[in-house]
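What TrEMBL records for this protein:
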- K46, G53, R54, G55, E99, V102, E107: ATP binding site (BINDING)
- N199, D213: Mg(2+) binding site (BINDING)
- N264: substrate binding site (BINDING)
- 9-238: domain 'ATP-grasp' (DOMAIN)
Amino acid sequence: MDIHEYQAKEILAKFGVPIPKGGLAYSPEQAAYRAREIGGSVWVVKAQVHTGGRGKAGGVKVCKTENEVEEAADRMLGRKLVTHQTGPAGKMVGRLYVEGGVNIAKELYLGFVLDRSEQRVMVIASTEGGMEIEEVAAATPEKIVRMPVEPAVGMQAFQAREIAFALGIPANAVTEASQLILRAYRAFRDKDGTMLEINPLVLTHEGHLVALDAKMSFDDNALFRHADISELRDKSQEDPRETQAADRGLSYVGLEGDVGCIVNGAGLAMATMDMILLAGGAPANFLDIGGGATPERVAKAFRLVTQDGNVKCVLVNIFAGINRCDWVAQGVVKAVEMTNLKLPLVVRLAGTNVELGQQILRESGINVITADTLAEAAEKSVAAAKSVAAKAAA
Ligand code: GDP
Ligand code: MN
């Protein structure tokens with residue numbers, strides 16, 4: 001789960017990481033009021049959307065008067081912000097964060113990620129803050145420091161100091177910097193983060209360090225023990241189809257093609273996608289129904305998948321290991337009746353009780369195209385989607 005910048009900053013502040021003074025605003029008037037409340041003569045109006053690259057896309061505006069704050073807020077609120085990360089659809093700006101300006105001497109990068117292959121938390125730091133870390137990694141990889149944290153002991157003070165030195169922090173600010181790094185690590189660890197990015201971490205002209213931007217993601221499987229984090233979820237920033245699926249215990253991925261895919265397991269989803277592409281088509285989406293394929297679950301999956309207007313054919317590709325093909329087949333038959341499916345349906349079953357499953361499909365009387373192999377299923381669904389598209393065009 002992702003959260004907003006202001007929420008990540010609130011968490012960091014609770015762990016003792018310095019952040020600029022700021023306040024949330026839902027309207028231009030409120031933004032101007034926040035600026036007055038914060039005081040000073042420079043403010044930054046920042047769109048709160050779950051994406052990076054807001055600066056380049058017009059989602060971060062440095063303002064010199066309250067009037068400018070109000071105008072910037074007016075321009076951002078209620079619009080979609082399109083960044084290189086959001087895709088052309090963009091993300092709706094429903095709230096703003098207004099901050100006091102900071103005297104930036106140097107922009108640095110500090111990040112924490114869960115490195116799954118190393119099975120460690122990895123601290124990532126760079127003197128090249130402010131720009132995307134991916135760009136730094138591509139252009140000047142030598143400017144990125146990576147330091148694994150030993151899980152048995154957690155991050156050590158000497159490691160934080162080493163990072164502070166690598167960041168070129170002046171001697172009189174090294175203690176402050178290593179404290180900040182340790183506190184950020186604790187926030188990440190205690191809240192079960194999968195990613196925490198402070199970009200930029202700023203060294204001010206006054207010689208202090210401030211987290212100027214913060215992005216944080218959390219392990220969904222650990223949310224049950226962090227009610228305070230679960231509350232921060234902003235569904236307006238998520239793909240509504242993915243949210244609906246998640247609320248029903250299913251996982252959904254929206255794509256751009258026209259074959260709706262119902263599968264079990266992420267690996268099978270990837271393989272299905274590859275085979276559809278190979279057959280000259282493209283998947284519209286994936287719905288992972290997981291382990292249990294009860295008729296109700298399959299019916300829900302049918303409804304979610306066919307909600308996408310681009311879908312011209314539904315492909316059910318299930319490998320029954322724990323599951324049984326005859327149950328899945330019964331589920332499919334009932335689901336077709338319950339949802340009154342009009343689109344062509346291709347079903348490929350494999351695994352336990354596959355013959356029985358196929359027999360149930362054959363004898364059910366529902367309109368179904370069966371396939372024995374994944375390749376055959378992909379070819380048949382692409383062909384069916386193409387014929388539906390051709391009919392619609394004619
Ligand atoms: P992002 O583009 O979504 O990563 O948004 P950031 O919060 O990182 O802001 C982008 C850039 O805006 C930063 O790298 C800074 O250069 C600039 N910026 C943000 N806040 C301030 C501020 O208080 N003062 C000044 N001068 N620049 C700021
Ligand atoms: Mn940033």
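For all residues, glycine too, the Cβ spot is worked out from N, Cα and C.
Note that the coordinates shown come from a computational prediction; the quantities given were computed from them, not determined experimentally.
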Nearest-integer angstrom distance between the alpha carbons (Cα) of N199 (Mg(2+) binding site) and G55 (ATP binding site): 12
Reduced DSSP assignment, G53 (ATP binding site): coil
Alpha-carbon distance [D213 (Mg(2+) binding site); K46 (ATP binding site)] in Å: 10
Rounded Cα-Cα span from G53 (ATP binding site) to N264 (substrate binding site), Å: 34
Collapsed DSSP category at E99 (ATP binding site): strand
Binding-site residues near ligand 2 among G53, V102, N199, D213, N264 (Cβ under 6 Å): N199, D213
Distance-selected binding-site residues near ligand 1 (C-beta under 6 Å), from G53, V102, D213, N264: G53, V102, D213
R54 (ATP binding site), number of other Cβ atoms within 10 Å: 23
For the domain 'ATP-grasp' (9-238), mean pLDDT (0 to 100): 96
Residue with minimal Cβ packing [other Cβ atoms within 10 Å] among the binding-site residues E99, E107: E107
